[in-house]
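Feature annotations, courtesy of TrEMBL:
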SIGNAL    1-20  signal peptide
ACT_SITE  S64  active site, acyl-ester intermediate
ACT_SITE  K67  active site, proton acceptor
ACT_SITE  S130  active site
BINDING   K233  substrate binding site
DOMAIN    283-374  domain 'Peptidase S11 D-Ala-D-Ala carboxypeptidase A C-terminal'
Amino acid sequence: MKRSVSAVVIGILLPLAAQAADTAGDFPSLTPPPIDAASYVLMDYASGQIMAQNHADQRRNPASLTKLMTGLVIDHALDQHKISLDDVVTVGKDAWAAGNPVFKGSSLMFLKPGDRVTVRDLSRGIIIDSGNDACVAMADYVAGSQTAFVDLMNNKAAQLGLKNTHFETVHGLDAPGQYTTAGDLAVISRAIIMSEPAEYHMYSERSLTWNGITQQNRNGLLWDKTLHVDGLKTGHTESAGFNIIASATEGDRRLIAVVMGGKSPKGREEQARKLLSWGLRDFDSVRVFKAGQPLGNEAVWYGDRSRIAVGVAQDRYLTLPKGEASKLKAQYVLNVPRLEAPLPQGQTVGEVRVSDNGKLLATLPLVTLQPTAAGSVFSRLMDYLRLKV
């Protein structure tokens, strides 16, 4: 049974998260600008859609982009109230650059054994200074050891559904068996922005002064006058090349660009700038369906009501080339011959199909928007007899 429904465009339309529960087809696409990098991804934050990519699933050395997962694990510990931003951490010897040869020539916060530093400042040292020593100090504080913290990082990667990411270090310095992809890093970045509203501002800070030492954020796009970039991170080792993840906003829109294996610090910034500018100029993020918005009222049998409202449980977005939103059509299909009570609110009863000029763009779960209890014995008997006629 099919029902046509209106894809109601409300300012910014439809959030379609890139999840297994929702299916995305071939979206109308435009040709992205040429990008000089080993791999890249441009993602729309609202929908989770990949707008452009090249070698998105190619496993590469993350370098300091690893610190995004370090920060995400720290944020999870904050959310669980296992630690607080005002906690004071005593720095151990394993976080001391002078006693750790692997840190030679790498980015540091310049911690010393016995230094007492707040979680807030160590977190800023990880994000702004890209301090490898700060990563070790926080790993020890949160998990008791670097090894235990790396386990938390890999567990978080699994929770996010990342198939091509594995960490061996808390800081991202080269290590056998450590890898990720541009596509997975876009997912991690989206999770950070979504789950760290109170701490995300740290990614936009241009400098950090600690213990009399001022260091500047290596993300040069934070100074860009043509884009409003507010994060996220850069990374570099000889084997990784020059990496960057940059997120830019324009009004209510937000895009995330991941560039891996760039040729130089300025080169990686230019490639990310091209992707973000192109995406903001040529695409719209469109909210098609609003959470709880009734798309129809279906007959329900054996219940305490005769009809039930159906719709989608969450706001749903699509990312489309400008001008395509007005062409969207939608219809829903029930997955059973008839609806029978009892039915809880949020029960999946079919799917909503969104198309553009006959091309299927997405399918979304169709759910009940209200609960329906079983009717009285008499009303159920009457429904039974009606169905028999």
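Each Cβ is built from the backbone N, Cα and C atoms, and glycine gets one as well.
Projection of TrEMBL feature records onto the structure.
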residue: S64; record: active site, acyl-ester intermediate; DSSP (3 states): helix
residue: S130; record: active site; DSSP (3 states): coil
residue: K233; record: substrate binding site; DSSP (3 states): strand
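Spacing of S130 (active site) relative to the residue listed as 'active site, acyl-ester intermediate' is 7 Å (Cα to Cα, whole number). Sorting the domain 'Peptidase S11 D-Ala-D-Ala carboxypeptidase A C-terminal' (283-374) by DSSP state (H, G, I as helix; E, B as strand; all else coil) yields 3 helix, 56 strand, 33 coil.
Computed over the domain 'Peptidase S11 D-Ala-D-Ala carboxypeptidase A C-terminal' (283-374), the whole-number mean pLDDT of the model equals 93. The Cβ of K67 has fewer other Cβ atoms within 10 Å than any other of the recorded positions K67, K233. If you take the Cα of K67 (active site, proton acceptor) and the Cα of K233 (substrate binding site), they are about 8 angstrom apart, rounded to a whole number. Here the C-alpha separation of K233 (substrate binding site) and the residue listed as 'active site, acyl-ester intermediate' works out to 8 Å. Around the Cβ of the residue listed as 'active site, acyl-ester intermediate', the same chain contributes S107, S130, H171, G172, K233, T234, G235, H236, N243, each under 8 angstroms and 6 or more positions distant in sequence. Cβ contacts within 10 Å of the residue listed as 'active site', excluding its own Cβ and spanning all protein chains shown: 27.
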